[in-house]
Amino acid sequence: MTTQVRKNVMDMFIDGARRGFTIATTNLLPNVVMAFVIIQALKITGLLDWVGHICEPVMALWGLPGEAATVLLAALMSMGGAVGVAASLATAGALTGHDVTVLLPAMYLMGNPVQNVGRCLGTAEVNAKYYPHIITVCVINALLSIWVMQLIV
């Protein structure tokens, strides 16, 4: 007969807070800091303006400035990174509050498929021939959400 130790509510709360803090500092924070550093490097070198100019015609189809493409590219790699890129671009004045609001659902619908392909799909033994289809669906969902958000906001 095993004895089960029961924790009180306060102990469970403190344990959950510790785990949450660990997740935030080891998983989320490095992505956000990396995104800020990359955007600052792109800005200092002038590449951010170049990317904005190159992507402007395509992003204009969704009513967004060209720099918004960097948020979507970051979302392919990391959701936390995409949030960091969006925050950095908003701070720099390249994106307005409206632009960030429109991009937010797209960042989450994109769902960092590059990480998921390795982590989730590989572990679940999904056939690799379906990876491009899965990533394409993520991108299409994200782009459609931008149009929907432009109508709503």
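Any Cβ shown, glycine's included, is placed from N, Cα and C.
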Membrane topology agreement for Glu67 and Pro113 per Swiss-Prot: yes
For the topological domain 'Cytoplasmic' (111-132), residues assigned helix / strand / coil by DSSP: 16 helix, 0 strand, 6 coil
Chain residues outside the transmembrane segment (90-110) and at least six past its termini with a C-beta under 8 angstroms from it: 39, 43, 48, 52, 62-65, 67-68, 71-72, 75-76, 79, 82-83, 138-139, 141-143, 145-146, 148-150, 153
Cβ-Cβ under 8 Å with the topological domain 'Periplasmic' (1-31): same-chain residues at least 6 beyond its ends: 78-81, 84
Counts by DSSP class (helix H/G/I, strand E/B, coil) across the topological domain 'Cytoplasmic' (53-68): 9 helix, 0 strand, 7 coil
